[in-house]
């Protein structure tokens, strides 16, 4: 082999070795980087259970790879397994209620495009709370807002915003509805939306953004539902619906829905004579509702729903300090737990209460005749003792000189217990305020607290003279 061939051979071998070494270095670098960034490994969940994420410890030739802390690199996260809500935690023990939210919709309408609404309510998923209301298909500063005192028109839609966000022009219209209820089962939202002719309305059941089922009027007399949140336990949601006379016997049915599909319908049973606009809350393993008797009683009906066998019972709140409006004064009002009290029972307003052992927390208008003012208090023995009237922990939410309206309950699951919250509808405009032609509302929201609290009043606050006519 001549000298030139030797040089070429040595060069080729050297180049080959260098290339192999270079490729090995790249492979080592890629492996090191991959192992460094893959800090957590998530096993696929089996049987719908969450599997813990554990650090991977890797040893190579007695060299421990140590993961760096405080890096700016996003770590891989285990996917959360979505489960149905079961509401099995106990009810929070509270001393009263603390301010939570106020949307100031009417005040903002004086200078902005805000929807005309009524029948508001609040409901929460796992992460956030949302406010709902039935819009009138118009903003307030719009001639279409004239005569919006009417409840049922084909332009009404269910509006949904994050709690505290007024219903502006960008608000989502969930469905067509002049009566509604909404709840989250842990996986998706269910909306019950009623619209159509008074004598032949349709209830649409919308789950996870899709229409899944429907039901038509069964008594041809204004099919209607709660105007507050429904309740879901272990994937089954329940909602109370009524069709029939608003001042006489009506046909109330309790529907059970799974992922938007009606799976069972139970008739109302028990001693309640008339049931409308129920405010429902989870009372594991069942659901309990406090409703409106628009026929015979100013004491509120109670509907107990068994979620396992679909059975229903009903009665009345025992408290002699009754919750509906209009009502007798507190000295002459009565309730025997089982029957309507036949005291100014005709007419009424949506309201709420909830049991606390033998006692009952409740809210009502301060006026016994009008939807004015709002107060809350606890009645000792008000859940178990007929005509109990011992009141403690009274709070004024809206002073008696200002208007209120519907009110209802919603539940919020905490780390160790389930808290009860309520909202108050603050109605403005017609019929009482005849300077304007519209009727709309804002809301104020309070939640139960185990702490201390002060005093105040949280009315709508809009100067009617500043408002569009």
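Every residue, even glycine, has its Cβ placed from backbone N, Cα and C.
In the predicted model, the topological domain 'Intravirion' (1-9) has a mean pLDDT of 59. Here Swiss-Prot flags 1-9 as topological domain 'Intravirion'.
Summarising the annotation, Swiss-Prot assigns region 'Involved in apical transport and lipid raft association' to 11-33 and lists sequence analysis as the type of evidence.
The topological domain 'Virion surface' annotation in Swiss-Prot covers 31-469, and the record cites sequence analysis as its basis.
Per Swiss-Prot, region 'Hypervariable stalk region' is recorded for 36-88, and the stated evidence type is sequence analysis.
According to Swiss-Prot, the region 'Head of neuraminidase' annotation covers 91-469, on the basis of sequence analysis.
As annotated by Swiss-Prot, disulfide bond applies to 92-417 (among others), with the evidence given as sequence analysis. The secondary structure of residue 417 (disulfide bond), as reduced to three states from DSSP, is coil rather than helix or strand. Sequence-distant neighbours of residue 417 (disulfide bond) (same chain, 6+ residues apart, CB-CB distance under 8 A): 89, 90, 91, 92, 93.
Within 10 Å of the Cβ of residue 118 (substrate binding site) there are 22 other Cβ atoms, across all protein chains. The feature substrate binding site is assigned by Swiss-Prot to 118, 152, 276, 277, 292, 371.
Annotated disulfide bond per Swiss-Prot: 124-129 (among others), in sequence order, evidence recorded as sequence analysis. Secondary structure at residue 124 (disulfide bond), taken from DSSP and collapsed to helix, strand or coil, is strand. Around the Cβ of residue 124 (disulfide bond), the same chain contributes 130, 184, 410, 411, 412, each under 8 angstroms and 6 or more positions distant in sequence.
If you look up Swiss-Prot, you'll see 151 marked as active site, proton donor/acceptor, on the strength of sequence analysis. All chains included, 16 other C-beta atoms sit within 10 angstroms of the C-beta of residue 151 (active site, proton donor/acceptor). Under the DSSP three-state reduction, residue 151 (active site, proton donor/acceptor) is assigned to coil, being neither helix nor strand.
Residue 230 (disulfide bond) carries neither a helix nor a strand DSSP state and counts as coil. Residue density at residue 230 (disulfide bond): 26 other Cβ atoms are found within 10 A of its Cβ, drawing on all protein chains shown. Swiss-Prot lists 183-230 (among others) with the feature disulfide bond.
The disulfide bond annotation in Swiss-Prot covers 232-237 (among others).
The secondary structure of residue 291 (disulfide bond), as reduced to three states from DSSP, is extended strand. Contacts of residue 291 (disulfide bond) defined by a Cβ separation under 8 A and a same-chain sequence distance of 6+ are given as 240, 272, 275, 276, 277, 278, 279, 300, 301, 302, 303, in order along the sequence. What Swiss-Prot records for 278-291 (among others) is disulfide bond.
A C-beta separation below 8 Å, combined with a sequence spacing of at least six in one chain, links residue 280 (disulfide bond) to 226, 228, 229, 230, 231, 238, 239, 240, 287, 288, 289, 290, 303, 305, 409. When secondary structure is read from DSSP and collapsed to three states, residue 280 (disulfide bond) falls in the strand class. Taken from Swiss-Prot, the feature disulfide bond applies to 280-289 (among others), supported by sequence analysis.
The disulfide bond feature in Swiss-Prot is assigned to 318-337 (among others). Under the three-state DSSP scheme, residue 318 (disulfide bond) falls in the coil class. For residue 318 (disulfide bond), the Cβ neighbour count at a 10 Å cut-off comes to 23, with all displayed protein chains included.
Residues or ranges marked as region 'Disordered' in Swiss-Prot: 324-350. Across the range of the region 'Disordered' (324-350), the DSSP-based residue counts are 0 helix, 0 strand, 27 coil.
Taken from Swiss-Prot, the feature compositional bias 'Low complexity' applies to 333-342. Under 8 Å from some Cβ of the compositional bias 'Low complexity' (333-342) lie the Cβ atoms of residues 271-274, 293, 295-299, 301, 315-322, 327, 386-387, all in the same chain and six or more residues away from its ends.
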When distances run from the Cα of residue 337 (disulfide bond) to each of the recorded positions 118, 151, 152, 292, 371, the nearest one: 292
In the chain carrying residue 237 (disulfide bond), residues 6 or more apart in sequence that have Cβ under 8 angstroms from it: 183, 185, 190, 230, 231, 256, 257, 258
Site diameter for substrate, Å, by largest Cα distance between 118, 152, 276, 277, 292, 371: 21
Conformational class of residue 183 (disulfide bond) under the three-state DSSP mapping: strand
Residue 421 (disulfide bond), number of other Cβ atoms within 10 Å: 22
Residue 276 (substrate binding site): tally of other CB atoms within 10 A of its CB: 23
Surrounding CB atoms that lie within 10 Å of the CB of residue 292 (substrate binding site), all protein chains: 27
Reduced DSSP assignment, residue 447 (disulfide bond): strand
